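Visitor: My questions will all concern the structure given below.
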Amino acid sequence: MAPKLAVLAVLASLLGAVSCEFSISIYAGYGFPPPNPNQPFKLPPASPPKNPRPDLKVGYYAANKCPQAEEIVKRAVEEATPGEKAGLIRLFFHDCFVQGCDASVLLEGPDTERTAFPNLSLRGFNIIEKAKAALEVECKGIVSCADIVAFAGRDASCSLSDGKINYQVPAGRYDGNVSRANDTFLNLPPPFGDLKLITDMFAAKGLDQTDMLVLSGGHSTGRSGCGSFANSFSNRLQADNSSTAMNRTLADQLNTTCTADSVNVPLDYKTPYALDHQYYKNVQEHNVLFTSDAVLLESPETKVLVDSFARDPFFLSDIIPIGRNPWYDAFAKAMVKMGNWEVKNSTVGEIRQFCGKVNDKKTY
Ligand code: HEM
């Protein structure tokens, strides 16, 4: 029995490491206008869920459009730093939540999404531009910036998780022409949000509470400016008796490090460069930066999920794991689901020549 188990365990570990084929006052602290008590914050009208999208297809470019498309994006992502890779995962989220997954987050210019406060710390734009430039040489006018963002989010997740997160990306998105700074405030959840607000804001994008909790695991890598969790409206570093309070040891360390809002600290103090299930252990131990992370312990439904994702696989020996933590596959599925949101087609979108600007209608 033991040798059989060992073989199964080796197989499982190999499978797990396949190569990377491919109350509203809070708003003021996040760059929002001061709240008006006579006018409570309203969620944007929820559009009906549009999942699954029959018009997106796995291998969309592979057949004859541009067979090397995904490989070109993958090569660009491979050259990115771990920090830029974290940025690419967040970029996909910020793209999909505002105007749908249509690369509106990449458009440059006054009052575009890029200029809005929650997007000022986005990174990875250079990697998208690099991939787009290479794609325009190989397959001019074929591959949308929206699909590049989706592929790059997958490739970054795969790389940072050491191959544990690996999935196929349905593609065929077109690029949008609208990008407004104000849309970001209404659509991107703030780090000070409570469980209801965060859940509702994901529901408005066709994502349920489990998807929200699974995708929040993105906070197992990358960084945050101190101003995102310690400011005059909501200071997570102050001593606090609430159930969502930060672990005092971490808060004391951050009190020393956070000498200015612009100082960056790791989101995951234990394994900052890995996209892994450590995040859920951090949530259990109150070692998380944002209220939106800490509130995942607040309801019995979310706590059960946090506990199950926090569990390490059982190890047969020091190096042979048995089974797989379910979070990695759940994250892959939720990323695909998020990528379905309000996808544009050729009637309302275009394939941009440069990801930072809409096409000049006369020349392209
Ligand atoms: C639950 C709602 C969420 C809130 C309130 C939130 C908020 C934030 C904030 C405030 C930061 C730090 C910004 C800064 O100061 O630089 C951040 C970083 C990050 N977020 Fe989220 N986020 C949420 C969901 C997500 C999702 C769904 C993903 C992806 C699946 C994600 C991935 C990331 C990553 C990877 C970083 C680090 C980026 C970098 O290092 O450049 N977040 N998030």
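Placed from the backbone N, Cα and C atoms, the Cβ positions cover glycine too.
Caution: TrEMBL annotation is automatic and unverified by curators.
Dumping what TrEMBL says about this protein:
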SIGNAL    1-20  signal peptide
DOMAIN    55-359  domain 'Plant heme peroxidase family profile'
DISULFID  CYS66-CYS139  disulfide bond
ACT_SITE  HIS94  active site, proton acceptor
BINDING   ASP95, VAL98, GLY100, ASP102, SER104, GLU113  Ca(2+) 1 binding site
DISULFID  CYS96-CYS101  disulfide bond
DISULFID  CYS145-CYS355  disulfide bond
BINDING   PRO189  substrate binding site
DISULFID  CYS226-CYS258  disulfide bond
BINDING   ASP268, THR271, ASP276  Ca(2+) 2 binding site
Visitor: Among the binding-site residues ASP102, ASP268, which residue has its Cβ surrounded by the fewest other Cβ atoms within 10 Å?
Guide: ASP268
Visitor: Anything from the recorded positions ASP95, VAL98, CYS101, CYS145, CYS226, ASP268 with its Cβ under 6 A from ligand 1? List those in sequence order.
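Guide: Checked recorded positions vs ligand 1; nothing flagged, none.
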Visitor: Which of the recorded positions listed here (CYS258, ASP268, CYS355) have a Cα atom within 10 Å of the Cα of SER104 (Ca(2+) 1 binding site)?
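Guide: For SER104 (Ca(2+) 1 binding site), the recorded positions whose Cα atoms are within 10 Å come to CYS355.
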Visitor: Quick one, of the binding-site residues ASP95, GLU113, ASP276, which Cβ has the fewest other Cβ within 10 Å?
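Guide: Each of the binding-site residues ASP95, GLU113, ASP276 was scored; lowest Cβ tally within 10 Å is ASP276.
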Visitor: Taking only the Cα atoms, work out how far ASP95 (Ca(2+) 1 binding site) lies from CYS258 (disulfide bond), in Å, as a whole number.
Guide: 29
Visitor: Using a 10 Å radius around its CB, how many other CB atoms surround CYS101 (disulfide bond)?
Guide: 29
Visitor: Of the recorded positions HIS94, PRO189, ASP268, which one sits closest to CYS101 (disulfide bond) when you measure Cα to Cα?
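Guide: Minimum Cα distance from CYS101 (disulfide bond) across HIS94, PRO189, ASP268 lands on HIS94.
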